[in-house]
Amino acid sequence: MIEIDGSYGEGGGQVLRTSLSLAAITGEAITIAGIRAKRKRPGLAAQHLTAVRAAAKICQAQLRGDTLGSMRLEFIPSSAVQPGQYTFDVTEAQQGGSAGAMTLVLQTVLLPLALTAGESQVILKGGTHVPFSPTMTYIEQVYLPMLRRMGVKATAKLRAWGWYPQGGGEMQIKVNGGGTIKGITLLERGSLHQVRGLAVVTELASHIAQRMANRTENLLRQAGLKPAIEALREKGIAPGAGVFLTAEYKNSLTGFGGFGRLRLPAEKVADIACRQLLHFHHTGAPVDEHLADQLLLPATLASGASQYRASEISSHLTTNAAIIERFGIAKITVDETEKIIAIAPV
Ligand SMILES: Nc1ncnc2c1ncn2[C@@H]1O[C@H](COP(=O)(O)OP(=O)(O)OP(=O)(O)O)[C@@H](O)[C@H]1O
């Protein structure tokens with residue numbers, strides 16, 4: 001039994017999700033105490049509880065403490081990870097719905113399923129584009145393409161957009177499991193090939209999407225880039241708006257977004273997304289702050305070593321690294337000056 005201190009470092013949801021993925025993969029029983037202890041509302045929220053149940057489902061784990069608000073969880077896998085057809089819906093954790101980020105649930109089960117021989121199809125229902133988490137657009141255009149380079153065979157499809165606070169989005173992921181994961185070396189990003197963007201609304205007038213698209217196009221052109229921005233009116237259960245940008249460099253990918261909200265002009269949404277993208281562009285780094293923490297787990301599970309340079313080293317990354325090391329499967333070195341992360345499987 002591995003005991004994890006949920007209050008370690010950032011003391012947020014990632015400590016839990018990384019532990020769940022590694023428990024499922026290694027078959028190790030875990031206890032996590034102090035779950036999300038450093039958050040305003042500690043314990044399991046709907047998204048975290050959905051991730052717990054999803055991870056438990058794929059390796060038939062016994063659970064103790066799997067209730068909303070719980071700060072202590074026992075997770076005891078009783079089988080190897082089983083490929084198959086799964087549906088995980090955040091409304092099962094919280095009646096009345098939630099915009100819990102289903103992309104984070106997806107990341108919890110993806111690598112366990114990718115390392116298991118057989119095909120899996122997972123449907124996830126809830127939030128697909130939620131602040132402070134990877135959006136589904138980021139998963140499709142940045143995270144999964146980077147993982148495919150490492151040998152993970154997975155594709156994803158967005159079926160309906162789910163925004164904060166109602167959620168109601170849906171996505172599907174297909175995994176062809178059983179291959180090996182290769183390490184990744186990403187120290188130079190190379191030249192910028194293209195910037196793509198989606199200016200999207202659901203249940204709102206299409207001129208809002210067009211205004212976001214126009215402003216994004218203008219700002220990025222002024223900065224010397226040649227973007228291709230699409231204005232879209234898409235399917236969703238509630239009003240929502242956002243601009244989601246992906247930059248493709250010779251050796252790497254990155255993505256940033258801006259979210260609409262009541263009384264925030266469409267142009268401001270575009271400004272938020274563009275500001276983040278341009279800031280990253282000027283750092284010259286190949287890997288953005290978020291991808292840097294999200295690559296840790298696949299790199300840990302790879303057959304060879306990995307090394308990459310990030311635009312920023314977040315406390316999120318260092319916390320995630322420490323949790324991974326608790327499982328004794330990799331040595332992770334973070335050079336905070338050069339912003340280089342090195343991962344050597346043990
Ligand atoms: N803009 C973004 N683009 C891509 N990924 C993001 C972005 N913002 C956050 N993320 C990722 O989302 C994850 C959030 O983890 P975190 O532990 O903060 O989440 P949580 O479980 O939602 O929250 P809490 O912090 O409330 O416990 C991290 O992997 C982070 O890299």
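For all residues, glycine too, the Cβ spot is worked out from N, Cα and C.
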Of the candidates GLN95, GLN107, GLN121, the one that TrEMBL places in the ATP site of HIS290, LEU291, ALA292, ASP293, GLN294: GLN107
Separation of alpha carbons, HIS316 (active site, tele-AMP-histidine intermediate) and GLN294 (ATP binding site) (Å): 10
Close-lying binding-site residues around ligand 1 among GLN107, LEU291, ALA292, where CB distance stays under 6 Å: none
Shell of the ATP site beyond GLN107, HIS290, LEU291, ALA292, ASP293, GLN294, same chain only (C-beta within 8 angstroms of their C-beta centre): PRO134, TYR143, ASP288, GLU289, LEU295, LEU296, LEU317
Nonlocal residues around ASP293 (ATP binding site), in sequence order (Cβ under 8 Å, 6 or more apart): GLN14, SER314, HIS316, LEU317, ASN320
HIS316 (active site, tele-AMP-histidine intermediate): tally of other CB atoms within 10 A of its CB: 19
For GLN107 (ATP binding site), the number of other Cβ atoms found within 10 Å of its own Cβ: 23
